[in-house]
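**Student:** Dumping what TrEMBL says about this protein:
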type: DOMAIN; residues: 52-254; note: domain 'Cytochrome b561'
type: TRANSMEM; residues: 44-66; note: transmembrane segment
type: TRANSMEM; residues: 86-107; note: transmembrane segment
type: TRANSMEM; residues: 119-140; note: transmembrane segment
type: TRANSMEM; residues: 160-182; note: transmembrane segment
type: TRANSMEM; residues: 189-213; note: transmembrane segment
type: TRANSMEM; residues: 233-253; note: transmembrane segment
Amino acid sequence: MTMVLSKNRTNLNGYVLQMFTDEAVIMHGSFPIMDESLPCSGRSIFAVLVGASQLLGLTAVVLTGVWMGKYHGGYAWDGSAQEFNLHPLCMVLGLVFLHGDAILVYRVFRNEAKRNIKILHGIIHLLALIISIVGFVAVFDFHKAAKIPDMYSLHSWCGMITMVLFCVQWVMGLLFFLFPVASSQLRAVYLPVHIFCGLLLLVMAVGSSLLGITEKLLFSIMPTYSLFPAEGVLANVLGIVLVCFGAVLGYLITKEDYRRPPNPEEEALSVHFKTLTEGGTPATP
């Protein structure tokens, strides 16, 4: 009888010791429980795709800058056509490139503390929003000075819808996740909507840019467009680069293997999700 009690006590002590050891491991990160690293080949492909996305995004920004700078007289803020040139540059830089990178940080820094990544995500989106607003003001200011009607083209309609939804998306993200005012249940319900809308807005931004490129070319070089002038070729290449950027970003964002690995400790303590005591384990972006 004494031996049985002693054996049970030993098992119990071992169980308690293991429980505290496991908790310490989780709290201090001494064991790579959260580091569900991709296989070597998977990491290489991921790195190549991320690098390709940055190269494509920067190329799109540079091509836009060269297009407006070389073929349309550069940039100014005086109500002239040079002020209009800020519009395509700011929209490609803000609504496309920076917006895409703001989403991508959740994949690139997938094993970093979520709170830090959220702050970075919000800051990049804020920068994208400010630059995009500058681009919007530039085109309306130019139209006003040149007495050109506003909001009559398909490009302007799609661009305005994209811009308004982008502002709403940023404010909702601020109120739901960065400085949450909603309940944990409501945040958990809204999270998939927020993720979907972020990707949708990227698609809309690329689509609006393609419409804008075509519209600008028809206004500028319509008589010679079919003769493959240098400006037309450059603008067409810009459109292809934007499509490729959106495609690579879409793949990186939607591929399940590249998602942020679940972290029980963050999910238990985070203000974004239901706590473990409320039940359920919400998906992470």
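The backbone N, Cα and C atoms fix where each Cβ goes, glycine too.
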**Student:** With pairs fewer than 6 apart in sequence excluded, do the transmembrane segment (119-140) and the transmembrane segment (189-213) have three or more C-beta pairs that lie under 8 Å?
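**Tutor:** These two stretches do not touch.
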**Student:** Would you kindly check 44-66, 86-107, 233-253 and say which stretch has the most C-beta pairs under 8 angstroms to the transmembrane segment (160-182)?
**Tutor:** 86-107
**Student:** Note the mean pLDDT of the domain 'Cytochrome b561' (52-254), expressed as a whole number.
**Tutor:** 96
